[in-house]
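Taken from Swiss-Prot, the feature transmembrane segment applies to 17-37, 45-65, 96-116, 139-159, 169-189, 211-231, 246-266, 286-306, 338-358, 367-387, 394-414, 417-437, supported by sequence analysis.
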Amino acid sequence: MKTEAQSYWGGIIKSMGLVFGDIGTSPIYTLTVIMTLTKPDAEHVLGILSLIVWTLIILVTVEYAWLAMSLGRKGEGGTIVLKEILIRLLKSGRQMAFAGFLAFLGVSLLLGDGVITPAISILSAVEGMRLIPGLEDLAQGGLILVAAVIAVFLFIFQFKGTDKVASAFGPIMVVWFSALTVSGLVSIIGTPTVVQAISPHHAVLFLKHNGLAGFFVLSEVILCATGGEALYADMGHLGRKPIIRAWYFVFCALVINYLGQGAFILRNPEAKNILFSMVKSQVPMLYIPFLLLTISATIIASQALISGVFSIVYQGITTRILPLMKVDYTSTHLKSQIYIGSVNWSLLVAVIFIMILFQRSENLAAAYGLAVTGTMFITGIMMTMIFSRTTKKWKVPIALAVTVIDFAYLTANLHKLPHGGYWSLVLASIPLAIMVIWTRGQRALYRSLKPLDLDTFLLSYEQIYAKGHNIPGTGLFFVRETPVVPPYVIHCIIRSNIIYERNVFVSLTRTDEPFDVRTKLTRGIGTGLDAFEVNAGYMERLDIEKLLKKHGVEEKVIFYGIEDIDTSNPVWRIFATIKRQSANFVQFNKLPVSKLQGVVTRVEM
C-alpha cells in the first residue's frame, strides 16, 4: 500500500511530467524574445519581470488554478466540459448556439496551438547547440534538421503508447524545475535588486511610460503563460489537487528563474540567448548536460501537448462535433492514453512545415500567443456566463476582471497578424471548418434520411415475421434511437425480407457526463424484436460486444447503415468527402469484422 506522503508527492511529480511541460519550457524563449523589443536597462527589465510575474498570477493561478478548476464534471476539465456545463444552464436556443460556437472556436485554437507548441519548444531548445564550443557557426538549416528529426521520432513513438516512459517524465521535469530554480537563485544573488519586480507597480509604470509600444510587449509577455490552459484541460488525467499542489512548486521555480534571467540581463545587456547564456556563465562544465535536459523537457512538453490533442479530438468525436476516426487504446489501465493515427501524422506534417516556414524560434514567437490568448479569452467568457447562472455569483466580478485582462492580451496580439500571426488562425480554421461542416451536415443528413417511426414500421414488420421464413439466430441492427427506424433497416427487413428469429435494435447515446455506462434491454417491442440501449459518458471506452453478451445477446450478423450522399451543394460535397474518409460507427467501436454487413442507402442532400 502506498503511504499518504507517497501518493501526495507521487501526484505532484506525475503532474509535473504530464501537465507542466509547456509552461515549464517557456523560460527557454520568453525573455530572449521580449528583449529584442526593449532596452536592457533596469527600468525596462524590472517592468517586464513584473509583467511576467503578474501574468502568471492572474492568467494561470487565478483564471485556471482557482476559477476554471472549480468547474469540473466528474473530475474532467477543458473547453468541451465548459460547454456541457454551460448548455445545461442556458434556456434560449440562441444562447446555446453561441456557447456551442465559443466551444468550437476554443477547441480549434487549442488544436492549432498543438502545431506551434512542439515546433517552438523543440526549435528553441536545439538553438542552444550554438553555445557549444565549435558549433557557434552551425547553420540554421542544420538546427532545423535536428529539430525535425527529434519531432519525427517523437511522433513515430506515439503509436507504441507513452505508458511505459510516462513514469520517467515526472522525475525528468522535477530535475528541470530544480535546475531552473538553482540557476535563477544563483543569478539573483549577484543582482538582488530584481526581487523588487514582484511589486505590480513596476508593471504599471512600464505600461504607463512606454504607451502603445509597452502595450504591444504584452503580446510577447503572454509567452510565459502558454500551457496554462493545460492545468484545466488535464484535470481528468490526474485530479484537481495534485495539479494545484504541483503548480505552487512550478510557479516558484518559474518566477525565480525569470528573476534570475532578469538579473543576468542587467549584468550582461548584450546577451542574446538569455537562459542558455546564463547557465553557461554559471557552470560551463555542465552546459551540455543542461542542453540535453532542455531538449528532454521540450520533448516531454510536446508529448503532453500531443496527448492533450488526442484527448480533445476524442471528446470531439464522442460529443459528435468531429467525424469518427480510428482510435487505438495504448494503455490497459490509463483511460486517457489513446492514439489517433490520422491526427498524429497530420500534426507531424504541420509541425515540420511550420519549422521550415519560420526557420527560427523568435520568428515562431510571432505566430505564438494569438491562439493562447484567444483560448483564455473564450474560457473567461464561458466561466463568467456559468458563474452568473449558479450560486457562485460572487466569482462573477473576478472572472469578468480576468476576462477583460485576457481581452487586453488578445488585442495586443492582433498586431502579430501580418508578421506570421495569421498562421495560428489558418491552423485553427481547419478544425473549425471541419466542425461546422460536420455538425451541420449531420443534422441535414438526418433530415434527408426520412426515418420511419416505430409504430408505422411495426405494421409491416409483424406481417413479414408472421410468415415464418425467418433466419435462425440473432441479427443486430444499429439505430440512432429506438423509436426511430433508419431507411437501411426498412430496406433490409421490409423490402428484402432479411429477418431473423431474434432481431435487436442497438442504439448508443453519449451523455454529457464524462464517465458512466448504463444499459437497458427492452424485450418484445415487436414479435422477435428487442431494443438494446447504451448510454455512455463521452470519455468512456466501450466494448459493445461485451455489453451485449452480459445481457445474453449472441449475434450472428451485425447490420449498419452507410449513406451514399448525392448532392450538388459544394458544402455538402465537402461533408460527403469527410464522411467517406472518416471511420464508420462499427470501425470506431471495434466490432468483429466477420459479422459485419454494411447496407448502402443513397441520400439526396
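Quick reminder: no glycine exception, Cβ is built from N, Cα and C everywhere.
Between the transmembrane segment (45-65) and the stretches 17-37, 246-266, 338-358, it is 246-266 that has the most C-beta pairs under 8 angstroms. If one looks beyond the transmembrane segment (211-231) by at least 6 residues along the same chain, the residues whose Cβ comes under 8 Å of a Cβ in the stretch are 19-27, 29-30, 33-34, 37-38, 47-48, 51-52, 55-56, 59-60, 63-65, 68-69, 110, 113, 117, 243-244, 247, 254, 258, 301, 304-305, 308, 365, 368-369, 372-373, 375-376, 379, 408-409, 412-413, 415-416. Between the transmembrane segment (139-159) and the transmembrane segment (338-358), three or more CB pairs separated by 6 or more residues in sequence fall under 8 Å, so the two stretches touch.
Ranked by number of Cβ pairs under 8 Å to the transmembrane segment (417-437), the listed stretches 17-37, 96-116, 367-387 are led by 96-116. Same-chain residues lying 6 or more positions outside the transmembrane segment (17-37) and placing a CB less than 8 Å from one of its CB atoms are 48, 52, 60, 117, 120-121, 124-125, 128, 166, 168-173, 176-177, 180, 213, 216-217, 220-221, 223-228, 230-231, 234, 237-238, 243, 246-247, 250, 253-254, 257-258, 261-262, 265, 272-276, 294, 297-298, 300-305, 307, 361-362, 365. The stretch from 169-189, 246-266, 338-358, 367-387 with the most CB pairs below 8 A to the transmembrane segment (96-116) is 367-387.
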